[in-house]
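Peer 1: Pulled these from Swiss-Prot:
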| type | residues | note |
| --- | --- | --- |
| BINDING | PHE70 | chlorophyll b 1 binding site |
| BINDING | TYR95, GLU114, ARG230 | chlorophyll a 1 binding site |
| BINDING | HIS117 | chlorophyll a 2 binding site |
| BINDING | ARG119, ILE167 | chlorophyll b 2 binding site |
| BINDING | GLU186 | chlorophyll b 3 binding site |
| BINDING | ARG189 | chlorophyll b 4 binding site |
| BINDING | LYS224, GLN242 | chlorophyll a 5 binding site |
| BINDING | GLU225 | chlorophyll a 3 binding site |
| BINDING | ASN228 | chlorophyll a 4 binding site |
| BINDING | HIS257 | chlorophyll a 6 binding site |
| TRANSIT | 1-48 | transit peptide |
| TRANSMEM | 110-130 | transmembrane segment |
| TRANSMEM | 167-187 | transmembrane segment |
| TRANSMEM | 231-251 | transmembrane segment |
Amino acid sequence: MASLGVSEMLGTPLNFRAVSRSSAPLASSPSTFKTVALFSKKKPAPAKSKAVSETSDELAKWYGPDRRIFLPDGLLDRSEIPEYLNGEVAGDYGYDPFGLGKKPENFAKYQAFELIHARWAMLGAAGFIIPEALNKYGANCGPEAVWFKTGALLLDGNTLNYFGKNIPINLVLAVVAEVVLLGGAEYYRITNGLDFEDKLHPGGPFDPLGLAKDPEQGALLKVKEIKNGRLAMFAMLGFFIQAYVTGEGPVENLAKHLSDPFGNNLLTVIAGTAERAPTL
């Protein structure tokens, strides 16, 4: 019988096959060692276990008792984190100052609220930026394609204009379409029309690229989704405040700031020394 030994030299796995005395060794040696695939192009077997280990290490950063929390360990003792925040849910940093998630039913409810708002915020942030950027740099997306001014066109009895094409949608049709399409989809989700085990992360037809087929990768994607969603919610709040204060969209605000960082920033707007004085 042959036994297999593994060694490493300069980071390259080396496989040696030891031949026992009963397998007719050479006369010059009682046993023979044969180097197998020293310079083989085939990936070594431990590579898969290494990838699994890296994924497990990454999961440990975001789930479980040793996950990252909202303050460093030196500033927050983990014993101060509420027991119901045990790291089983994506995005759990141990932060619930108002105790909103003490009751399990409330925890599930607020988790759903946050995730749905996060998804809408990510779509909304893209919808605020992309049309205005396209319009500013060459495309014809309407008179200004600024998010709050586009909606005002419908209030004035106008129709929408995208890439130079008029879309015959007035205010009534826009409201009806929103209520029917969005409200219908939300009702279908609440009543579990497709009978999914996880209403918040259904997968299946809602994951056409199969990004979350691997459970561990799916868990990491949940973390990325909620982190980006929270950032998008703050971005939307910033867009609202910018529009109220400056009367401009986020792309125009950014362009003016980049063209003159010291003349167009938060301090100059508050002080009223910028060209666009605040309307507060």
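Cβ coordinates come from backbone N, Cα and C, glycine included.
Describe the structural context of each listed feature in the structure shown, including burial, neighbouring residues and relevant distances.
Peer 2: For PHE70 (chlorophyll b 1 binding site), applying a Cβ distance below 8 Å and a minimum sequence separation of six or more within one chain yields LEU76, TYR93, GLY94, TYR95.
Neighbour density for ARG230 (chlorophyll a 1 binding site): within 10 A of its CB lie 16 other CB atoms from the protein chains shown. Secondary structure at ARG230 (chlorophyll a 1 binding site), as computed by DSSP, is helix.
Shown in sequence order, GLY229, MET233 are the residues of the chain, 6+ apart in sequence, with a C-beta less than 8 angstroms from the C-beta of HIS117 (chlorophyll a 2 binding site). Look at HIS117 (chlorophyll a 2 binding site): DSSP puts it in a helix.
Listed in sequence order, the residues of the same chain lying 6 or more apart from ARG119 (chlorophyll b 2 binding site) and placing their CB within less than 8 Å of its CB are GLU225, GLY229.
Over all protein chains present, the Cβ of GLU186 (chlorophyll b 3 binding site) has 11 other Cβ atoms lying within 10 Å.
Counting every protein chain shown, 16 other Cβ atoms lie within 10 Å of the Cβ of ARG189 (chlorophyll b 4 binding site).
For GLN242 (chlorophyll a 5 binding site), the same-chain residues that are 6 or more apart in sequence and have a Cβ closer than 8 Å to its Cβ are GLU248, GLY249, PRO250, ASN253.
Its Cβ taken as reference, GLU225 (chlorophyll a 3 binding site) is surrounded by 18 other Cβ atoms within 10 Å in the chains shown. Secondary structure at GLU225 (chlorophyll a 3 binding site), as computed by DSSP, is helix.
There are 16 other Cβ atoms within 10 Å of the Cβ belonging to ASN228 (chlorophyll a 4 binding site).
The DSSP secondary structure for HIS257 (chlorophyll a 6 binding site) is helix.
Long-range contacts of the transmembrane segment (110-130) within the same chain: residues 89, 100-101, 147, 199-200, 225-226, 228-230, 232-233, 235-236, 239, 249-251, each at least 6 residues beyond the stretch ends and with a Cβ under 8 Å from a Cβ of the stretch.
Beyond the transmembrane segment (231-251), the same-chain residues lying 6 or more positions past its ends with a Cβ under 8 Å from any Cβ of the stretch are 117-118, 121-122, 124-125, 128-129, 132-133, 136, 144, 146-149, 269, 276, 278-280.
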Peer 1: What is the number of other Cβ atoms found within 10 Å of the Cβ of HIS257 (chlorophyll a 6 binding site)?
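Peer 2: HIS257 (chlorophyll a 6 binding site) is surrounded by 17 other Cβ atoms within 10 Å.
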Peer 1: Same chain, not part of TYR95, GLU114, ARG230: whose C-beta falls within 8 angstroms of the C-beta centre of the chlorophyll a 1 site? Give them in sequence order.
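Peer 2: Result: GLY91, TYR93, ILE226.
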Peer 1: Helix, strand or coil at ILE167 (chlorophyll b 2 binding site), per DSSP?
Peer 2: strand
Peer 1: Are there residues at least 6 beyond the ends of the transmembrane segment (167-187) whose Cβ is under 8 Å from a Cβ of it, and what are they?
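Peer 2: Beyond its ends, the transmembrane segment (167-187) has Cβ neighbours at 154-155, 157, 159-161.
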